[in-house]
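**Student:** Here's a structure for you.
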């Protein structure tokens, strides 16, 4: 132990630009490939694409699954459904959760306590298990899956917005607006919500990452997106039947797709948070 | 006096949260597909039988009254009957929970250990290669889906390298005599060393999977907090006084980092319960999680809802205990 670094931790330099550019570029590539890739690849539902269970080769870069479907083509087209569902679920959670939390934090009192307790009750459930329960109750259609993932994430945004609003409640510009006779609703909408946009954006990225994991998890246990539709989680499930016999390409590639996408989203969130944080 | 009022408030929060959880699961249970009336009355039936079944199930009563019955049943341990195993759910859970607890406890112990050691070392040597590797492992660990990691470790350690046993559950061969239901503990108590070896071998991969995914966020928290502590004035003062760096870190800085880590452990516990469900399923681990997934596959909903509601209540309990422990351990919370 030669040097114990005792310089204050808060005195970090400005966020290096590559910290946000690299993951953002990675995510852009993933989104672009999922969007336009399917036009250049074989049909992901074509069961005659190749010899079933044949490994990666020149003709099938990611190999062929047990039904004879091309794994590369399925991984790429699964990106569409995973990204789309995750994005819309996170957007709904944000649009519903931020105003609710802002309202609770601004109003204070019984409203605040009531909404906070509701949010806490939802957060008491392990996310995956709550998602399982709600999916069973609603039935596993695509819109319902979006709803489920949105519901489990709304409390997160509520609490985030609430804690960001409380210090703003007594800020001069808010007091001025109140003196000018603005209603609570107007103040929250015009003055409070724009001020918490930054934390919301960092959280949005994290929520998208979580949404992909939850969606893939639900599909993995068989109540999310179902075969034959290509989805990363259900593809991994498909591969578990063959992993002990060595057909690794069935589940390794869709898993890598999840890992890279989630990693990029998490890194963007981390960079955004540091950018906004105290420097 | 302050402590008593804090304690009272904290317990009140706990009760309110449990009630909230029960309301949520009650609503979910009532919305589940599959009409229980028709299950009871049979497919070929007339209105009279349907009405009788509705009355018998208490579904004609107002919702608040139904809620009270629902909570009463839960309190009396009546979690319904599994259609798949035709056993009361509570009995099914009783026979399966030791498998889950053994896995989860071991996983959290391993996770906390590596998280604290790696997090501390990375904070002490922030510009080293080690810290960069720790960063990478932390980022990957929070991003990797645990069910996929489980399949990958099976591929690597069983299929390719052949150094881990096949993923066929808790033990290959005969389990040790039952004392506690925890195979490792029972094997030690009955001095059955081959069973101990066999059960530890089966635990290796699922524990590795869960410890990596749950330890990653803990490691990041520990590292961040230790970085803050190491930069604080009292550590600098200690360094100026000539206290050896190793002693400074272990005796003076680390105890301070333990508090946020215990909170983190409580938070991760909920995640662990969810993660165990997936990992048990991949490793054919006969615990509560696999029970829930198997029930889902069989459209058998009573066991699933039982696992959902119990996991939330267990989580709230763990959180309550953590807060109470803080009250005792951290003198500041008593002011």
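In case you wondered, yes, glycine gets a Cβ from its N, Cα and C as well.
Bear in mind that TrEMBL entries carry predicted annotations, made automatically and left uncurated.
Note that the structure is a prediction, hence the values are computed from the model and not measured.
Copied straight from TrEMBL:
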DOMAIN    B:97-326  domain 'ABC transmembrane type-1'
TRANSMEM  B:12-32  transmembrane segment
TRANSMEM  B:103-126  transmembrane segment
TRANSMEM  B:147-168  transmembrane segment
TRANSMEM  B:195-216  transmembrane segment
TRANSMEM  B:257-284  transmembrane segment
TRANSMEM  B:304-329  transmembrane segment
**Student:** Before we move on, state whether the transmembrane segment (B:257-284) and the transmembrane segment (B:103-126) share at least 3 Cβ pairs under 8 Å, counting only pairs 6 or more apart in sequence.
**Tutor:** yes
**Student:** In the same chain, who gets a Cβ under 8 Å from the transmembrane segment (B:147-168) while lying at least 6 residues past its ends?
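**Tutor:** For the transmembrane segment (B:147-168), the far contacts come to 198, 201-202, 204-206, 208-209, 212-213, 278-279, 281-284.
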**Student:** Please identify the stretch among B:12-32, B:103-126, B:195-216 with the greatest number of Cβ pairs below 8 Å relative to the transmembrane segment (B:304-329).
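**Tutor:** The stretch with the most close Cβ contacts to the transmembrane segment (B:304-329) is B:12-32.
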**Student:** Which residues, given as numbers and ranges, are at least 6 beyond the ends of the transmembrane segment (B:195-216) yet have a Cβ under 8 Å from it?
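**Tutor:** Counting only partners 6 or more residues beyond its ends, the transmembrane segment (B:195-216) has Cβ contacts under 8 Å with 102-104, 106-108, 110-112, 114-115, 137-142, 144, 146, 149-150, 153-154, 157-158, 164-165, 167-176, 183-184, 186-188, 268, 271-272, 275-276, 279-280, 283, 285.
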